[in-house]
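Novice: For reference, Swiss-Prot lists these features for the protein:
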MOD_RES   R144  (3R)-3-hydroxyarginine
REPEAT    6-57  repeat 'RCC1 1'
REPEAT    179-230  repeat 'RCC1 2'
REPEAT    232-289  repeat 'RCC1 3'
REPEAT    319-372  repeat 'RCC1 4'
Amino acid sequence: MAEKRHGAWFGFGFCGFGQALGSGNSHHSVYSPEPLHASDDICQVSAGWSYTALVTRGGRVELSGSVSGAADGCRDVWASEELLVLLRNKGGSSTEVQAWVPGSALQGEPLWVQNLVSGAKGQGEDEPSRESRMGTLPLLPCARAYVTPEPPFCQPLAPELRVRQLELGAEHVLLLCAAGQVFSWGAGRHGQLGHGTLEAELEPRLLEALQGLRMAKVAAGGWHSVCLSETGDIYIWGWNESGQLALPTRSGTENKAEREEATELNEDGLKEELAVADAGAPAHFIAIQPFPALLDLPLGSDAVMASCGSRHTAVVTRTGELYTWGWGKYGQLGHKDSTSLDRPCCVEYFVERQLEVRAVTCGPWNTYVYAMERDKS
């Protein structure tokens with residue numbers, strides 16, 4: 001009989017509100033992965049900017065950071081600054097989606113509730129004993145609607161889309177359908193929609209640049225997007241201000257404090273950088289990539305999972321390595337410093353300890369990873 005391998009969750013990056021991240025000894029940032037100072041049976045993590053929601057295998061959700069609180073019967077969770085969304089068992093086979101104000105600490109009444117059809121399940125919800133899982137929220141289990149942080153909180157989706165995965169960026173939406181096609185809509189002024197322009201889209205629009213390629217995963221950052229093909233290729237597009245696309249960036253060579261504090265460019269600044277990049281002389285940096293670009297990892301590694309923070313990107317390879325790049329001011333890249341990177345770099349912490357990374361999920365300014373001991377056989 002094979003020896004049971006042990007796994008654990010790790011965290012690194014911003015923890016200025018006391019959210020569960022590493023050992024809990026840091027007042028502001030964690031620059032290298034540390035085991036979570038939390039329950040041993042955590043199976044899911046969802047992080048907002050100022051707080052984190054942890055779900056145990058027994059279905060208990062626990063909040064840490066700027067808000068606290070706990071509740072039982074949780075099957076899935078999605079955390080944002082505006083809204084905390086839970087998928088909860090309500091007795092028997094009854095299930096409901098609850099949208100809470102994060103500061104309510106899960107006390108009183110939720111802002112919004114929707115009862116689900118009996119037996120409706122999201123991907124991974126029928127395996128509560130798994131050591132780690134990725135929920136489907138903000139996509140509802142029926143796959144015909146999704147939750148948004150603003151009223152009316154629930155937006156319908158056309159049934160013909162046959163949605164497999166849906167991710168929300170700061171101003172845009174990515175959708176992966178059952179046929180492996182990717183759709184996007186929302187604001188586009190940072191190129192995050194991938195249609196080759198900076199125009200907004202009000203309805204789901206097919207990414208024509210990826211037609212003929214079957215995609216397996218999508219991930220939405222603040223203003224950038226990633227998708228992974230079924231064969232492990234990475235396609236990436238959108239805003240590259242901090243190198244989150246792994247393309248040459250001005251902020252990688254300039255040391256300007258105001259750029260580290262910025263959260264987005266205004267339209268004038270955006271046009272100015274585009275003009276420089278499009279000038280006759282060869283551009284030394286790329287501010288915006290408005291359509292999908294193929295990205296190769298070192299050693300030609302295949303990618304099986306991706307997650308994006310506000311301005312950083314994390315990818316797990318088929319062989320269990322973690323690569324991160326982009327904005328690193330709070331240690332969210334896990335490379336023991338606050339350096340931002342415009343190229344994928346392996347997080348050596350897990351390699352040095354013979355740990356195989358199985359899952360990654362990014363908060364806006366931090367990163368959570370599930371890893372387990374490598375098979376020694």
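Quick reminder: no glycine exception, Cβ is built from N, Cα and C everywhere.
Give me the lay of the land around each of these features.
Specialist: According to DSSP, R144 ((3R)-3-hydroxyarginine) sits in a coil region rather than a helix or strand. Take the CB of R144 ((3R)-3-hydroxyarginine) and look out to 10 A: across all protein chains shown you find 14 other CB atoms.
Confidence for the repeat 'RCC1 4' (319-372), expressed as mean pLDDT, is 97.
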